[in-house]
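According to TrEMBL:
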| type | residues | note |
| --- | --- | --- |
| TRANSMEM | B:6-24 | transmembrane segment |
| TRANSMEM | B:31-51 | transmembrane segment |
| DOMAIN | B:65-120 | domain 'NADH:ubiquinone oxidoreductase chain 4 N-terminal' |
| TRANSMEM | B:71-94 | transmembrane segment |
| TRANSMEM | B:106-124 | transmembrane segment |
| DOMAIN | B:126-409 | domain 'NADH:quinone oxidoreductase/Mrp antiporter transmembrane' |
| TRANSMEM | B:130-150 | transmembrane segment |
| TRANSMEM | B:162-181 | transmembrane segment |
| TRANSMEM | B:201-219 | transmembrane segment |
| TRANSMEM | B:231-254 | transmembrane segment |
| TRANSMEM | B:266-289 | transmembrane segment |
| TRANSMEM | B:296-317 | transmembrane segment |
| TRANSMEM | B:366-387 | transmembrane segment |
| TRANSMEM | B:443-461 | transmembrane segment |
| REGION | B:488-511 | region 'Disordered' |
Amino acid sequence: MQSILLIVFLPLLAAIIAGLGNKQLGNVPAKVVTTGALFIACALSWPIFISFLTGSAEATVVPVLTWVKSGPMAFDWALRVDTLTAVMLVVVTSVSALVHLYSWGYMDEEPDQPRFFAYLSLFTFAMLMLVTADNLVQMFFGWEGVGLASYLLIGFWFRKPSACAAAIKAFVVNRVGDLGFMLGIFGTFLVFGTVSIHEILQAAPGMAGSTIGFLGHRFDTMTVLCLLLFIGAMGKSAQLGLHTWLPDAMEGPTPVSALIHAATMVTAGVFMVCRLSPMFETSPTAMAFITVIGGATCFFAATIGCTQWDIKRVIAYSTCSQLGYMFFAAGVGAYGAAMFHLFTHAFFKALLFLGAGSVIHAMHHEQDMRFYGNLRKHIPITFWTMTAGTLAITGVGMFGVGFAGFHSKDAILEAAYAAGSASGSFAFWMGIFAALMTSFYSWRLVFLTFFGKPRWAGSEHIQHAVHHHHEDPSEEAGHDNHVHNPEGTAGYHPHESPLVMLIPLLILAFGAVAAGYVFQHEFVSEGTGEFWKGALVFHEHLIHAMHSIPELIKWSPFIVMVIGLVTAWYGYIRNTRFPAAVAEQLGPVYTFVYRKWMFDELYHYLFVVPAFWLGRVFWKQGDVGLIDRFGPNGAAWVVAKGSTYAQKVQSGYLYSYALVMLLGLVGAISWVIAG
Amino acid sequence: MSGFPILSLMLLVPLAAALACLFLEAKPARNLALAATLLDFALGVVLWANFDIGGAQWQFTERVELFSGFSYALGIDGIALLLIMLSVFLMPICIGASWKSIDKRVGEYMAAFLLMETLMIGVFAAQDLFLFYIFFEAGLIPMYLIIGVWGGADRIYASYKFFLYTLLGSVLMLIAMLWMANTAGTTDIPTLMAYDFDPHVQTWLWLAFFASFAVKMPMWPVHTWLPDAHVQAPTAGSVILAGVLLKMGGYGFIRFSLPMFPEASAYFGPLIWGLSMAAVVLTSLIALVQHDMKKLIAYSSVAHMAIVTIGLFAFNVQGLEGSMLIMLSHGLVSGALFLCVGIIYDRLHTREIDRYGGLSINMPRYALFFMLFTMASVGLPGTSGFVGEFLSLAGIYQVSTWATLICATGIILGAAYMLYLYRRVAFGEQKNADAAAMADLDVRELLMVVPLGIAVLWMGIYPESFIAPMRADIAALDARLAAAKPEGDSKVAMGKEKPVHEEVSAHEGAH
């Protein structure tokens, strides 16, 4: 199991080499080093995963270095490998390796490539530290480390003001969650006297029913701890309330969105809840809270996804929504299902993002789907792989055979229904509605992008590209006509992406097709407890309950999927005036959803504006107007008045003051001696 | 090493060099100052290497009785060792930072800095109450001159404000010291640290010391000298001011207030918490709206120092060790940040944030280090800023959850103002042609920032090197405070149906 050291630290080493080497090293060596490191890490991760699949591996901890020893608070750098980690290892290293490869093509024209690849590898290192954490503080290290990498990558194109703003927003909003996480760690240490995850989980059941003081009131101990930790998870996994950074994070290059904001980093919150599942199990209140937040998020994000025009934002809200599924699965106790969906989602969502990247690449950086259309004939491989991803996310399948999302999402919905609790039912219905909308917005994306007539002429990016190629005044004249007529190709010819971009798409498409069917027995069926080996809580009885739910409930995800598909087909292929008419009818409701439920505006006026206003008040009125005025300046005024007659003995030179000071000292000391 | 007066030698080297510098031309003065500070750093390394961790509490002691109880007594424990190391580590960097930017009265300038170094080491090494006082207060003079002579346009106001504030505190402290010497009959600091003063008198003594240390720290609301002093001071002056002088306040609390007046410290704990909470929130918000880089970092220093004070008054090992680590880390990080400001100030001669922008394009190496120090200031795990902040807040959580919550908002606001600063300086378009033409770090500047960067990462990844020397001293202090320790507000109580033995373990966990 020593290979885990290589898996984790090779990406760090590669990041350091590429980052410090930067321009001197050159593009190709930097790319070879980072991508090579990731493929090695990936090749080493799969055997670990397979050894857990076959049941031949045991959980181990590989110590690395002492970190902090402060009284009873002690924690080390150590790498823990168990089933849960093994699952995350393959997800992180596989997607990361493929994204590295994909970026060879996608970032080909970028002048700053070593920096980009260094950031990607740095991110992977931090993520691996997170998933291998043996104590809460190392998890926090990874947690903040991925936050840093995310900040750097969102702001990769740092000349763009919007990218800078999005990067800061991502970091600061995440910090709000991290504040909860930190308080959770403090509280956990206070209660258990340790931050070792293993020891905490063993002691957690014994604390059920106890109470703890927090902010002057007394609460159930485990509820307080779990909710504080969960606030951290909400920030990282963009759950309702702390989600506002995720859509803006799309300012980063698309491979980044695929790796960080779809497949890996944003699932860290789900991972954390699963990792600490024995702890969360002790607090029904916290579990219900997680279920409700998850259910609400999956619904709310899906509504926004239905209205957006930017291809990446649609997928971003889709991610937000799918994370909601994972959370309410965990909330009802189906941790296996949550991890299963995390696993399959990593493949198909990375695929969708990379596919979107391929479309954007082909369309000369245009991201607005209103200017797409008819692309299936021009970029067929992208089209087919994205269709595979769409079939996976919408959960197409029946009689136990289907695309990846079919197995994992249905398991989640069944578990929520089978849980029988009020929060579980709420989440189930939210999940069903969200599934309907998932199907709708996913097919809407496909239809708008790949079907219908080309609408490229309306795009400034396309116009720009066309003009770049033909510097001809006669074309210039034709340009104006095109702008007023959104349909047409404007003479633009989209090209399929290079092979380095298509290979990752094809591999991920394979995953999106098969990952659900192949691994369903390991993640969510009877006897799965053997696979998990106690790495998370597994409720055998919930699996049984899932098998005995009514047939109609079992079929409901399929039914809503078909409804969504048909609606999208009708609105975006059959009768393309229909969506606008619906939007018109809905009026303010549509605007509210389109403006993302007004969260950004709300937070702006609730937090950002007052913070700056208060800062100015405390500075000008507080420090300058009050403290200085009556403090030193007031004293100066008194001194100045009093010393007018003593002026003659004062030279005004600085050293004379120093001299007086020293004389005073000598005097004081003499007094001591005399006394 | 026993018997060799290494501490005296460390005091003597800069002092002798300072005297020599007064009579030298610019160039030899620079060289001599650099040589002397490097030699002192080397001596510091020898000191650390020979410090016996787990050995006697006070090591390298020297004592010469002078007159009527007043003695020249030196000696260090782990806490003092670390702060001396910080001082001697920063000094060569300060000389390097002044290499080109100071061109008038170079000899005097170098002399002032070298004198400063002697006094700083003296503060941390002194074992006699009045020896400490002399070093502590005399440190004002060179700093006052550095700001007043080599400072910016408004230097007179700033130096005067600096002097006035600090003087106010020191007068009260001197009176308290005289009283203590008379009552306890000794001026020996180790003896006084174990002396039990009458709890009623402690209150007054504590307040007198507090007046001095709170100003030095600085704590809200006596912090307003700091932004002005920083803004007007030359780069190296800011580095040493933020790096070491502010630490004297924290050192004072750890060396005097806490061990000598434990009951009074516990009594005034809530006052400290309140001031610290106010400082974190208010100064962080103020930092958010600054246009002047140095002012921004100065205000952020006040916020960081507030986490130090609240950790010190958490009365447990995590809080104390965390506070010490923040002091060390802040010494490195804020010093480095002021250096980063100085580096671009040397090129463009303005501290106005909006005059820069897009520096990542023409100064990529600078951008890298600036990012590293920004992240350390923000408290990213893996950098020095995190460990101290984490331990300090973990310490105060055991006493007050409210205080923790309020102070922890500093991690959100800190991220906001630092990243906002970084964004305006290093990101964005190169909107100012003169800023866009600035050259990247040269060798001299790299020699200054690289050691700082390594130290920041070292302290973040393996802080054990820095915790180990002070562990026994902190444990002793914690034991001294045990009797006065306040009760936490977050005690765990088991439910009725739980067996009794778990209740016991829960309470153990709580302490």
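Heads up, the Cβ atoms here are built off N, Cα and C, so glycines get one too.
Keep in mind it's a predicted model, so treat the numbers as computed, not measured.
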Selected stretch (most C-beta pairs under 8 A with the transmembrane segment (B:31-51)) from B:71-94, B:231-254, B:296-317, B:443-461: B:71-94
Within the domain 'NADH:ubiquinone oxidoreductase chain 4 N-terminal' (B:65-120), residues counted as helix, strand or coil by DSSP: 35 helix, 10 strand, 11 coil
Averaged pLDDT score, the domain 'NADH:ubiquinone oxidoreductase chain 4 N-terminal' (B:65-120): 89
Cβ pairs under 8 Å between the transmembrane segment (B:201-219) and the transmembrane segment (B:266-289), at least three: yes
For the transmembrane segment (B:443-461), distant same-chain residues with Cβ under 8 A (at least six beyond the ends): 89, 93, 96-97, 99-100, 325, 328-329, 332-333, 335-336, 339-340, 343, 365, 369, 372-373, 376, 381-387
The transmembrane segment (B:366-387) touching the transmembrane segment (B:231-254) per 3+ Cβ pairs under 8 Å rule: no
